[in-house]
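So Swiss-Prot says this about it:
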{"type": "TOPO_DOM", "residues": "1-6", "note": "topological domain 'Cytoplasmic'"}
{"type": "TRANSMEM", "residues": "7-29", "note": "transmembrane segment"}
{"type": "TOPO_DOM", "residues": "30-616", "note": "topological domain 'Lumenal'"}
{"type": "REGION", "residues": "132-152", "note": "region 'Disordered'"}
{"type": "CARBOHYD", "residues": "Asn291", "note": "N-linked glycosylation site"}
{"type": "CARBOHYD", "residues": "Asn326", "note": "N-linked glycosylation site"}
{"type": "CARBOHYD", "residues": "Asn378", "note": "N-linked glycosylation site"}
{"type": "CARBOHYD", "residues": "Asn481", "note": "N-linked glycosylation site"}
{"type": "CARBOHYD", "residues": "Asn514", "note": "N-linked glycosylation site"}
Amino acid sequence: MMVKLRNLVLFFMLLTVVAHILLYTDPAASFKTPFSKRDFLEDVTALTFNSDENRLNLLPRESPAVLRGGLVGAVYSDKNSRRLDQLSARVLSATDDDTHSHTDISIKQVTHDAASDSHINRENMHVQLTQQTSEKVDEQPEPNAFGAKKDTGNVLMPDAQVRHLKDQLIRAKVYLSLPSAKANAHFVRELRLRIKEVQRALADASKDSDLPKTAIEKLKAMEQTLAKGKQIQDDCSTVVKKLRAMLHSADEQLRVHKKQTMFLTQLTAKTIPKGLHCLPLRLTTDYYALNSSEQQFPNQEKLEDTQLYHYALFSDNVLATSVVVNSTITNAKHPLKHVFHIVTDRLNYAAMRMWFLDNPPGKATIQVQNVEEFTWLNSSYSPVLKQLSSRSMIDYYFRAHHTNSDTNLKFRNPKYLSILNHLRFYLPEIFPKLSKVLFLDDDIVVQKDLSGLWSVDLKGNVNGAVETCGESFHRFDRYLNFSNPLISKNFDPRACGWAYGMNVFDLDEWKRQNITEVYHRWQDLNQDRELWKLGTLPPGLITFWRRTYPLDRKWHILGLGYNPSVNQRDIERAAVIHYNGNLKPWLEIGIPRYRGFWSKHVDYEHVYLRECNINP
């Protein structure tokens, strides 16, 4: 019995020893397959680097400045190398996250202490990752050399290759300026040749589709040459200093160019093109050659008919006014019911009348008035008219030393001295017998029938307008001075702004609420421009505060005079498109993408336009 018990104990002891051997020994270690290393490398990017950073020697650590300068470049030799760049970028990112506390180590120490090991490790990493990805990449669809996608998850910018070629040129020029590269005459000749090839490939290309088919070959060749330069250059700190100097210089040039662009844009916006100066002169001459009976418009009995659709348009630009009228009538379901009330200044009065006498807008009715004939509109009645004629206001807009202020340059446009801009606050006085008027700016184009706006119930409000809450800079605090207690106590800084340019005004409600008097009171308070500075929108926001009914956005789309990225679908659906901003469609600085919406309503074969050399 004792013998059996002893044997049983020995058996269990032996079993315990064998179990430990089996548990702590990797049975797969003895099986060497060609995939073992590759399978390990596939998990490299998923590793968590919590241990000492020196254990991870896959890639040499580069300083953040070097990475930003573009010294770690991707060699786009083929689709495998593109996959390599993605994996390498993830490894670099993971390494950088856990070594953030070590960023104060100098560039020189990093680049010199690890120079030899870095070169070997980088080559090993390239070979291993290329082997790893060679089979997987074949399963992916072949990407276009200048396509929009690298993979199904990441959408590439349409100018990615153009940017990369430009980056190559910058890096190449840096290498040319370094002493170690200059000492190698063969490398310098090759690099200069590559620079010329890339410059010819780029030419004036702004997106990848503009590049020639050979551009990808030039890109690859340049990368190979730059790789040689990286081997020649052993002092990375010199490269970093050079790139930092270039970056500082580029930033300074950008600042100067931005300031110059802003100034020239403002100057161009305030300048009348030669053709638009010629046009009213020719029209005025021909108008006064007519006899008095020929100077009259037909259908003047319709001017006060409240059953018709009445438009108010205040402008000194003959061509722009004609586009507004033509586009409105072209899209109107019942042109006979539309009446246009145009008010202009003394200089353009004859020209405006002559244009519409010579180019009547179909069956619609036209009225052209001279603002100086409004005898009731004088400085004793209108505070703004008194302010516009004051010496301080003229100095504010015209004195030369003010142009040194970048922030206030846009506020000093003399167009704001024109009373035509402020007539919108006197609609009941101009049209005393009308009940509802649709106000239109002269920089809009009508694309749909607008008669439906007269049936919109404003629910007791005076102004019907499209709100502009979609952008943060279109709220009250961007137009009014909320540091002034008069503003901060009466208005909400985050309240939605709204758009001038297409507004429905209920003139009966206007009179009932005495809106003109509200406007006058706030203009008196703003005599020193402490409440607002720019134009007519700020006083409009104040005057119609809590008296504005929000219209559907489809009625009015803005931004075509300053924003080159307005959604095309929004433009096509809008009833009115507005070229608010300095880039007007009749100026050479107008955004080309939007000019066609405006120019299609201009007959450039008209005799007056040909004689004044006004072309599309």
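Glycine is no exception: its Cβ is also placed from the backbone N, Cα and C atoms.
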In the structure shown, which of the glycosylation sites Asn291, Asn378, Asn481, Asn514 has the fewest Cβ neighbours within 10 Å?
Asn291
Do you know offhand how many angstrom separate Asn481 (N-linked glycosylation site) and Asn514 (N-linked glycosylation site) by C-alpha?
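Checking the Cα atoms of Asn481 (N-linked glycosylation site) and Asn514 (N-linked glycosylation site) gives a distance of 25 Å.
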Note down the number of other Cβ atoms within 10 Å of the Cβ of Asn326 (N-linked glycosylation site), including every protein chain shown.
20
Write down the Cα-Cα distance for Asn291 (N-linked glycosylation site) and Asn326 (N-linked glycosylation site), rounded and given in Å.
26
State the Cα to Cα distance, in Å, between Asn514 (N-linked glycosylation site) and Asn291 (N-linked glycosylation site), rounded to an integer.
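That comes out at 43 Å between the alpha carbons.
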What average pLDDT does the predicted model assign to the topological domain 'Lumenal' (30-616)?
79
State the Cα to Cα distance, in Å, between Asn378 (N-linked glycosylation site) and Asn291 (N-linked glycosylation site), rounded to an integer.
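Pair distance, Cα basis, whole Å: 32 Å.
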